[in-house]
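TrEMBL has this to say about the protein:
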DOMAIN    1-88  domain 'Chorismate mutase'
DOMAIN    110-287  domain 'Prephenate dehydratase'
DOMAIN    299-374  domain 'ACT'
SITE      T280  site 'Essential for prephenate dehydratase activity'
Amino acid sequence: MVDLLKSREDIDRIDRQIISLLEERMDIAKNVAEYKISVGKKVYDKQREDEKLETLGSLASNEFNKHAAQELFTQIMSISRKLQYTLVKTESVSKSFEAIDKLPITADTKVVFFGQEGTYTQQCMEDYFGTDIDSFNELTFRKVMEAVKEGRADYGVLPIENSSTGGISDIYDLLLEYDNYIVGEHVVQIQNALLGLEGATIENLKTVYSHPQPLMQCAKFLEEHDYIEKKEYLSTAASAKKVMEDGDITQAAIGSKKAAGCYGLKILKDSINFDNTNCTRFIIIANQKIFLKDANKVSICFELPHKSGTLYNMLSHFIYNNLNMVKIESRPINGKNFEYRFFVDVEGNLCDAGVINALRGIKEEASSVRVLGNIKKE
Ligand SMILES: O=C(O)C(=O)C[C@]1(C(=O)O)C=C[C@@H](O)C=C1
């Protein structure tokens, strides 16, 4: 049997050779980049990489080593591309974004929020902008997006993610559709209460109205009271208003304590969400490509060719540039069954070299990429 020390010495010798060859290969990749810059050729040459993997695989003496060689060279060529992107300096996807010191907020600033008087979104807006602003509400997410896109509001406030039930997928789809940008975020503690009319009791309820999100956040309570029919409605505040207007003591709404005050309802039971730490993250949107100079979270969206390994390869741009990915969501692409686009948040600022490099690589290798915003995270 060969002694362990001897084997390790041999491995160390071979690894030194590999490093020296890797460095030589990287220097050549730089020459290739210079050539590509001079003739305007793209860094990524898929055909060349596929041919190389085929040839290199065939040099191996068994199936295990063939697979290993192909895996290793997939990585080597991916790193070679990353080096080339730093030299080629294609136009950055974030080039048109303007860095600012502070979000412009004046007495004339108009803010649109989702829902009605008494929604959590209104509470978020007041926490973020204060109460001295000119605001109005819209009853659907789409209408909020429209008001911002058309410039009827400078900013819009929308929920994007709940700590108990996850991402609010409609918002992701609408962000792309309306070409609006995320310029801020705020997290609000959500304590859902069961609201009813004077004289109502939990035992005698027949119907409960709320937005689909709070209905999900209170799923456990609603399962335990399954004689109450759940009905999805526009918003928590619109549900409270409906219960007040219908004047039927068998109806209840799920919403905030504030909504109870706004619509003259009483609290039949407080905090019926299944998770006591329940909170929602709201986004502030604008139709301007602006970001704060001290922003530290970048949101992007990309689409990938429907092939194995493409997501892994795309995420490698973050890893290679030392960027911490803090969120990933996928959404189906309409018209392309079972193909997805990905929404990713990474820590960083659009001016950081690492972010610029990662975005450059993703732009070259994804089917499409968009920066949705760069905000200061809470
Ligand atoms: O041959 C090229 O065009 C290169 O840029 C070199 C290389 C490699 O490292 O082998 C890197 C990127 C291309 O996608 C293909 C191959």
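In case you wondered, yes, glycine gets a Cβ from its N, Cα and C as well.
Secondary structure by DSSP for the domain 'ACT' (299-374): 24 helix, 28 strand, 24 coil. Over the domain 'Chorismate mutase' (1-88), the average per-residue pLDDT in this prediction is 96. Helix, strand and coil residue tallies for the domain 'Chorismate mutase' (1-88), in that order: 76 helix, 0 strand, 12 coil [DSSP]. Within the same chain, residues at least six positions away from T280 (site 'Essential for prephenate dehydratase activity') with a Cβ under 8 Å of its Cβ are Y120, C124, P159, E161, N162, S163, V187, V188, I190, Q213.
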